[in-house]
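Novice: One structure follows; several queries about it will come next.
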């Protein structure tokens with residue numbers, strides 16, 4: 001394994017809060033970068049600056065406009081791509097940090113940029129492109145923003161006859177393959193269908209007419225690979241407002257399992273399932289639509305954290321029977337869960353918790369050169385009693401991490417290994433560590449990347465013939481700020497030994513989620 005740009009190390013104590021990036025040691029680069037941060041340097045010159053060896057807003061550079069679109073075969077490979085790794089690794093990202101001279105404020109802002117990494121017989125072919133939605137094409141033709149982003153409002157037109165800007169459904173959070181279709185996901189409406197080979201736009205997808213109107217669709221549907229079932233949900237914006245929970249059937253249609261009344265539009269981003277239950281972590285984060293109706297607030301502006309309210313767990317039977325069970329816990333913000341399973345009548349759930357709203361404020365500061373202080377995220381193991389409706393215990397396992405993934409063939413079982421991305425040492429919007437947490441032994445293996453590198457989540461791909469173990473490959477896309485170039489790592493799971501690093505020859509914007517299709 002190459003040691004030139006990474007180290008593997010045992011667990012270490014969590015770091016304290018960190019504020020802002022380090023400055024470049026060279027005075028000219030520091031001065032020029034400072035002028036750029038204050039808007040006193042033209043963007044053409046800012047883009048021409050050498051990427052500093054320190055991580056001066058590395059995470060922002062990692063989401064700059066893509067350096068290339070189309071199809072190509074990378075030629076620079078360190079190590080060797082496993083010949084038995086065959087299939088397509090799909091990724092999606094918000095695809096830029098500015099549009100038509102408007103700086104995008106939020107990490108969720110940007111046109112969806114899709115990538116397909118196709119492995120076959122020890123080779124890799126890349127297809128990558130901005131999704132040519134009607135909104136994207138309209139803005140390209142107009143040469144200006146016509147639609148609001150999640151955290152950035154489009155400037156009003158100087159022409160009073162022009163239509164005012166509207167919000168759009170941008171499928172830039174996750175991408176899955178289901179019912180023979182490639183679906184780009186957000187939470188602003190129905191999924192968007194793409195051609196799985198060319199990544200061309202095909203239109204909104206309503207599951208053969210079974211997704212109810214005025215109902216959003218999650219960015220994190222879950223699949224039981226043992227039974228072939230999928231589970232999804234969305235908020236129905238009717239009277240009453242409801243959480244609609246669906247079974248994703250083998251014929252591509254949705255079956256409504258539960259309709260749970262909601263008093264407010266809550267941020268329900270992820271869930272997990274066990275053999276008998278579906279488990280949702282519902283944080284006290286709500287959309288204040290009254291601000292949107294005034295026309296001067298973005299969706300991010302309308303997001304409210306009720307710090308005195310509890311985190312609530314919603315437990316539903318996955319067969320569609322029974323009443324909802326609500327369990328209160330200490331307040332926290334939850335974006336992502338790991339696995340869940342049943343043990344002695346209890347539900348054991350692994351989640352990444354933030355005790356306050358600092359993660360929300362951090363995401364909204366994506367365009368700033370100096371980032372706000374952040375509170376440590378925590379990997380927590382929660383034990384819930386669905387019969388008694390109570391929280392039994394909550395244990396902290398790890399800190400400073402996000403994007404938990406595992407061998408999804410083992411979903412609803414007592415999995416051993418959980419993989420995550422550790423927060424960057426100097427840029428809390430980036431990640432410079434790959435963690436493999438042994439849930440059975442309470443130990444962690446860590447790969448630490450160079451300070452000028454940042455990575456996305458890692459996705460577990462089972463090895464051929466490894467049905468009885470958690471053996472597999474880990475696929476991780478990263479960005480190297482010195483080279484202004486992306487790389488794709490193939491590692492052995494769970495040892496984290498690097499087998500291959502493929503340099504992509506260009507920069508592609510980093511995002512949040514993706515999945516492998518064998």
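For all residues, glycine too, the Cβ spot is worked out from N, Cα and C.
A TrEMBL annotation is a machine prediction, not a hand-curated record.
Sharing the feature lines straight out of TrEMBL:
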BINDING   220, 269, 336, 513  Fe cation binding site
REGION    1-22  region 'Disordered'
Novice: Return the residues near residue 513 (Fe cation binding site) by Cβ distance under 8 Å, restricted to its own chain and a separation of at least 6 in sequence.
Specialist: 91, 92, 173, 174, 175, 219, 220, 403, 457
Novice: Applying the rule Cβ within 8 Å of the centroid of the Cβ atoms of 220, 269, 336, 513, what extra residues of the same chain belong around the Fe cation site?
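Specialist: Here the nearby residues are 173, 174, 219, 270, 335, 512.
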Novice: Which residues, sitting 6 or more apart from residue 269 (Fe cation binding site) on the same chain, put a CB under 8 Å from its CB?
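Specialist: Result: 187, 218, 219, 220, 334, 335, 336.
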Novice: Around the C-beta of residue 336 (Fe cation binding site), how many further C-beta atoms are within 10 angstroms, looking at every protein chain?
Specialist: 23
